[in-house]
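Down below is the structure, laid out as structure tokens.
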Amino acid sequence: MPNFSGNWKIIRSENFEEMLKALGVNMMMRKIAVAAASKPAVEIKQENDTFYIKTSTTVRTTEINFKIGEEFEEQTVDGRPCKSLVKWESGNKMVCEQRLLKGEGPKTSWSRELTNDGELILTMTADDVVCTRVYVRE
């Protein structure tokens, strides 16, 4: 079983603003979010299939607790409440499908994968727009 535990720092980000645009976030809020999310602090605690993930930026801090295979409530990256279900896709990759609790919007999901060279790859999607953020342990 992969060990996602640790404090992670971002080294690369692609398409974050484009994903926010696909979610309908206005230009002013996108600029603020992109600046704030340029250096997020990510803390992951893992015990077997149970996870705690805290992501802190200068604008907002999010915390989620979940167990693989059990539905839980969280918020989409743009703050809309949703039900999420995380499953193992492979030995080193978990995928999460999100379902909005109310209203309409793009289909959203995320995945986290540990690479053989120790990087953590976070992929977030909004319909067909894919954002990739790469982290290394601090």
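Cβ coordinates come from backbone N, Cα and C, glycine included.
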Which listed span Swiss-Prot calls motif 'Nuclear localization signal', if the choices are 21-31, 32-42, 120-130: 21-31
Count of other CB atoms lying within 10 Å of the CB belonging to Tyr135 (all-trans-retinoate binding site): 22
Residue among binding-site residues Arg133, Val134, Tyr135 with Cα closest to the Cα of Lys102 (SUMO cross-link): Arg133
Listed recorded positions (Lys102, Arg133), ranked by Cβ neighbours within 10 Å, top entry: Arg133
Around the Cβ of Val134 (all-trans-retinoate binding site), the count of other Cβ atoms that are within 10 Å: 16
Val134 (all-trans-retinoate binding site) in three-state DSSP notation: strand
